[in-house]
């Protein structure tokens, strides 16, 4: 009996269910009555988000083999055969951790949205649609379908910013849609070019595209376009300016989705398309990714240090931390690339926690100006403890996930003999500046908010209250995996190391075809390097 049950579970369409269930359930919300404060809708949305999370966990437990480098849990249904479009979903090591992260963060974002009273039906409808759409981005195995799911999440984010944002919400929402929708045209053009390459019958499946022998010039053209599109979402400096504005106007649950999931779509796509499907071009552009990553780290850290607005300070901190993802993707070692994957998971958890606390603090103080926040630690001691724990995680304290992921990226890049020693030393030294700046601006932020002379106007008028159980629970749920990964990173790395090793081997093979510059080590130009193991 149990064998039959196990076989049935392994054949269950886990990924399709995790995508379609929250979207289909969202369609029920308009039929809820408009009376009251939306209590029924909130409980319904939370139930759907939790069930979706359980479905994704079920997909990992019942059908995913961590030692298998290939796509698993694959479902392939012909959709529009004349256009070469199929409903093709699956998961490998690069997508499964992010699928789990998406459903987990979304469930907590629904709980974070509990105080939302304005248009709750529309708000939770959009959250659930985003849940399914973002899971689809990581699960689809067809490039044209990827483009459609990539675009699907734009409308919910735009509406969540434009309707529930701050006083400059229309500007922030418009800027977001212009940047992201405008850059997405490059994804569509690359998908069509790659799908029709060398054939009159289009095929957009990743497995087909990976087997194609694209010419070097073709790969370079597609790589540049995709780098722009995904660089906007990551974001890469100077394509980042939409993010501080979006974070500056968003509410706490939208913050969590932006920082926890949306930015990771850019990093995942760079790995999936630029590094995996266009390896020859990636071998040539990898040094540029390293440089851009260092620029991200230093520029955003310096800018964050100068910010006096709490939301914008944390937003630039996110941009800085995503620079480590770029360095990891640009390295040709499995340790560095594995560090990039872990950094995406780690920052998803840490970024969501910090932005939730920003929202919770604003709800009490009604200000984001650090100059107006002072001495609230006496009134909000639990909130101070939560802020301290999450800030220590963000500055990569040993024992927390950020320390492990950044150490893996640094070590992987510094020991990567594909690059010359001077290049590695210079880039690592510059990136270290950002590592030094991070604790400075985060600890000074804590000092300005919670210590110093009390602001009588703030203390008396706002009647500050400490963190409530719901808020403590959300942060505890985020800190638990942050500390767990920091103490035992194999909890996550084991799920993707086989896929990462396969990706790195493919890219190292392409190094032979790369443009020979002084950046690449001369002793390694004419041989295929063996990827170091973790």
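Heads up, the Cβ atoms here are built off N, Cα and C, so glycines get one too.
Looking at 362-382, 425-445, 446-466, the stretch flagged in Swiss-Prot as transmembrane segment turns out to be 425-445. Of the listed segments 144-164, 501-521, Swiss-Prot assigns transmembrane segment to 144-164.
Of all ranges given (71-91, 176-196), Swiss-Prot attaches the label transmembrane segment to 176-196. Only sequence-distant pairs (6 or more apart) were considered; of these, fewer than three Cβ pairs between the transmembrane segment (472-492) and the transmembrane segment (44-64) are under 8 A, so the stretches are not in contact. Tallying C-beta pairs under 8 angstroms between the transmembrane segment (425-445) and each of 12-32, 44-64, 144-164, 285-305, 384-404 places 285-305 first.
The list of residues near the transmembrane segment (285-305) in space but at least 6 beyond its ends in sequence, with Cβ under 8 angstroms from a Cβ of it, reads 223, 227, 231, 236-237, 240, 270, 274, 313-320, 322-327, 329-332, 413, 419, 423, 427, 430-431, 433-435, 437-438, 440-441, 507, 517, 519-520.
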